[in-house]
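Novice: Mind looking over this structure? Questions follow.
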Amino acid sequence: HLQPQLQYQSMRKHNVSTASSISEHEFSCHCCYDILVNPTTLTCGHNFCRHCLALWWESSHKNECPECREKWEGFPKINILLRDATDKLFSEVVQRRRAEIQANPKISRSLLAFQRYGDNLGRSRTNQHKGAGFFFSGVLSALTCVAVMVLVYHWSYGVVEQHDLLISKPVARWTPEEVVSWLEQLGPWAQLYREPFQQENVNGRLLLMLGDEELLKAPYSIENQAHRRAVLAELDRVKALGVKPPQNLWEYKAANAGKSLFLLYALKRSPRLTILYLYLFDYSETFLPFLHTCCPAIAHIDQEVESRFLETQWAEFLVKYCLLPYQLIAEFAWDWLAVHYWTSRFIIVNAMLLSVLEGCALWRLWTRARIRTLPHKMWNHLWKMLSQGFAFALLWPFVPQFVCNCLFYWALYFSPIINIDLVVQQLMHPETQAL
Ligand SMILES: [Zn+2]
Ligand SMILES: [Zn+2]
């Protein structure tokens, strides 16, 4: 029993001593005719240095063995056993060649490209395996179809153009039909008073003359005091502006094309900075209504004190502002759900997706222990936003209306679809950087 073991041990000793007598020819690469470095075995069984294979792959654009031209399957791996053997047997040569390869930028680039090709191959295989790629591309196509349909609806029914008229046409020149449509937009309760306005053929000039007394008496007979006050308040706004104030997103966009486009992109890219900008430079016009919509006071607020905030409102706002700024935007869109059925939904979905993307980015920084670079990143972001805002302001007068519309609808309807894809990528490969 002991004898075979002894025999085996003596055989091993013998082998080690004869190892140096193995000729270099057996361990040479058939591309460079030198000792194999990181030998890579193909499916045909041939071995090549990894960098020789990468160079060949890059120049030929083929997945073929350089020697027998057989196609290889999958992504070739380094043959670990062979590598360890050559590293030990020809350590000097291999070390010298490794240093040469590292010093050669062309070879390094080829190796990197080859590795990337392999990574992509592996990724697409795992996607296929899970079937998720197929599923989400289906969802994405469906959503793109919905977005295109919404756009076609808006353009073909002229929703946008119809409202353009009243917000840019002076009140004094409104026709009786336009006065009635203005009245209807005040709310469902205004339907009650549609008839008398229609019968009397009230045009814009006459509308401007109407006061509390006229509205109370026949033929208008608005006996409900609240209704009368609402009509008069709206009439005062119209008088002050000279035109109808914008009452929905499309009217707002028509009246403030540049501002709406700026807000759309800025809120998407950097909600905190944009809200801060609104607080500093556009307090009463935009910031106040925004805040009252997102963080409504629990107690009823009178018209007179609407320009002030309760402390609880501020606290709620600041917490959301710091932690979940996109939540504020989603809540604002939620309030408009009745007016803009599809658009509000797109904005809410997009806000949630952007929150997830922001969370992923933070999580990545945290797991890579690079959270200390956050202030630096924020500073860079601030500069980027400022320079982009400046460029936008400079270029704005030269942007054609058509391009502006395209950018607007793109940000509104297509960016949520792109973000769905980004979120899926992030959740499936959390280690990769989002674009
Ligand atoms: Zn080689
Ligand atoms: Zn081969």
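Residue numbers in this text run from 1 along the chain shown.
Cβ atoms are placed via backbone N, Cα and C, with glycine included.
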Novice: What range among 133-155, 317-339 does TrEMBL record as transmembrane segment?
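Specialist: That would be 133-155, per the transmembrane segment entry in TrEMBL.
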Novice: When the domain 'RING-type' (29-69) is classified with DSSP, how many of its residues are helical, how many are strand and how many are coil?
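Specialist: The domain 'RING-type' (29-69) comes out at 11 helix, 8 strand, 22 coil.
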Novice: Which residues, given as numbers and ranges, are at least 6 beyond the ends of the transmembrane segment (346-366) yet have a Cβ under 8 Å from it?
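Specialist: For the transmembrane segment (346-366), the list is 147, 150, 268, 324, 326-327, 329-330, 333-334, 373-374, 412-413, 415-416, 419-420, 422-423, 426-427, 430-431, 433-434.
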Novice: May I have the DSSP-based helix, strand and coil counts for the residues of the domain 'SAM' (174-241)?
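Specialist: Split into helix, strand and coil, the domain 'SAM' (174-241) gives 49 helix, 0 strand, 19 coil.
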